[in-house]
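Enquirer: What Swiss-Prot shows for this protein is this:
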BINDING   HIS83, HIS182  heme b b562 binding site
BINDING   HIS97, HIS196  heme b b566 binding site
BINDING   HIS201  ubiquinone binding site
TRANSMEM  33-53  transmembrane segment
TRANSMEM  77-98  transmembrane segment
TRANSMEM  113-133  transmembrane segment
TRANSMEM  178-198  transmembrane segment
TRANSMEM  226-246  transmembrane segment
TRANSMEM  288-308  transmembrane segment
TRANSMEM  320-340  transmembrane segment
TRANSMEM  347-367  transmembrane segment
Amino acid sequence: MINIRKTHPLMKIINNAFIDLPAPSNISSWWNFGSLLGICLILQILTGLFLAMHYTSDTMTAFSSVTHICRDVNYGWIIRYMHANGASMFFICLFLHVGRGLYYGSYTFLETWNIGVILLFATMATAFMGYVLPWGQMSFWGATVITNLLSAIPYIGTNLVEWIWGGFSVDKATLTRFFAFHFILPFIITALAMVHLLFLHETGSNNPTGISSDADKIPFHPYYTIKDILGALLLILALMLLVLFAPDLLGDPDNYTPANPLNTPPHIKPEWYFLFAYAILRSIPNKLGGVLALVLSILILVLMPLLHTSKQRSMMFRPISQCMFWVLVADLLTLTWIGGQPVEHPYIIIGQLASIMYFLLILVLMPMASTIENNLLKW
């Protein structure tokens, strides 16, 4: 009798995606982050579901409901901190996953890459709205500052902001709708992730060399299932170390103060994973210009296939491009640091230089490096 996993309509899909899938024999640990992102997403949905059972999305009770979860609900504290720090792990995996895609030229799978960019935007939107829910000082002022950026849009800006707010300021209506969106978006992300995977399996995985691996494929199970389990264990270990030993390490102390519209915190800043984009936003003195730079800093990923001038797909055998890539990584780390600093000298000029460098590297220097390498190889 033929195995049920190959005949059953539902099992067949799972089999072709996770068991009998032909995978390149040489994919490194950088290919683990896709499965880790899936684990993060499941973990966030589960912890979020249990948090939603006790949370109230009302300005009068939101802050105290989070306190109630931590103090009175059985294991509420661990669920809350797993959710908050799970978001950080999610973004660490996301950035490494995107970085892998840039380094090894995975962006040449156009559909997979573009859905990935949409996934990145959706995840950022979800995380932003989730940060507003505890209704602390940084929640309130973060929501006010970021939603206010939309007022820079000509003609419709002010109306758009008031429409999103559901009033003339960030208030009860805003909190309620943010909770509704924060709840629904992860399920949309799950659907998009399935489409992401569907398009990936149309072409098959890339590999570190960037060369076709059709001649040398191995089954996904057991080789990559065991490898993914190791990655998952390390991810959970890192998350639990963070949750149990330093749960507030990546948070802002200001968020332990209930939201007060009459008192502005000295330094308004988002969570660490948005700081690079926040630094780019702040480095431009013009409001609309800043907003455009902020959006373009992520949207520029869509242009990567067009900016690929090399005759080789991967950076594995391209030392000049490798150098440029790591300068870009260093630049992003610099921007992340600057985003968390106050707006004063010398941080302003460092932020402006790092922002210019970011766009210069992606739009000019990296394509130039690829062209130089082509010429050196007489291609």
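Numbering starts at 1 and runs along the chain as displayed.
Every residue gets a Cβ built from N, Cα and C, even glycine.
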Enquirer: Is the transmembrane segment (320-340) packed against any residues at least 6 beyond its ends, judged by a Cβ distance under 8 Å, and which are they?
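Expert: Contacts of the transmembrane segment (320-340) (Cβ under 8 Å, skipping residues fewer than 6 from its ends): 99, 102-103, 269-270, 272, 274-280, 282, 310, 347, 350-351, 354-355, 357-358, 361-362, 365-366, 369-370, 372-373.
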Enquirer: Between the transmembrane segment (33-53) and the transmembrane segment (178-198), are there three or more CB pairs that fall under 8 A, provided the residues in each pair are separated by 6 or more in sequence?
Expert: yes
Enquirer: Give me the Cα-Cα distance between HIS83 (heme b b562 binding site) and HIS201 (ubiquinone binding site), rounded to a whole Å.
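Expert: Just about 30 Å between their Cα atoms.
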Enquirer: Can you tell me which recorded stretch out of 33-53, 77-98, 113-133, 226-246 has the most Cβ pairs within less than 8 Å of the transmembrane segment (288-308)?
Expert: 113-133
Enquirer: In terms of DSSP three-state secondary structure, what is the assignment for HIS201 (ubiquinone binding site)?
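Expert: DSSP assigns HIS201 (ubiquinone binding site) to helix.
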Enquirer: Short question: which residues 6 or more past the ends of the transmembrane segment (113-133) have a Cβ under 8 Å from it?
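Expert: Result: 55, 57, 62, 66, 87, 90-91, 94, 98, 101, 106-107, 139-140, 142-143, 146, 174-175, 178-179, 181-182, 185-186, 188-189, 192-193, 195-196, 199, 270-271, 273-274, 298-299, 301-302, 304-305.
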Enquirer: Quick one: give me the count of other CB atoms within 10 A of the CB of HIS196 (heme b b566 binding site).
Expert: 21
Enquirer: What Cα-Cα separation, expressed in whole Å, is found between the residue listed as 'ubiquinone binding site' and HIS97 (heme b b566 binding site)?
Expert: 17
Enquirer: Sequence gap of 6 or more, C-beta under 8 Å: which same-chain residues meet both conditions with respect to HIS182 (heme b b562 binding site)?
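Expert: Set apart from HIS182 (heme b b562 binding site) by at least 6 residues yet with Cβ under 8 Å, we have GLY48, THR126, MET129, GLY130, LEU133.
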Enquirer: Below 8 angstroms Cβ to Cβ, which residues of this chain, lying six or more residues outside the transmembrane segment (347-367), approach it?
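Expert: For the transmembrane segment (347-367), the far contacts come to 279-280, 282-284, 293, 296-297, 300, 303-304, 307-309, 321, 324-325, 327-328, 331-332, 334-335, 338-339, 341.
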Enquirer: Ten-angstrom check, please: count other Cβ atoms within 10 Å of the Cβ of HIS97 (heme b b566 binding site), all chains counted.
Expert: 20
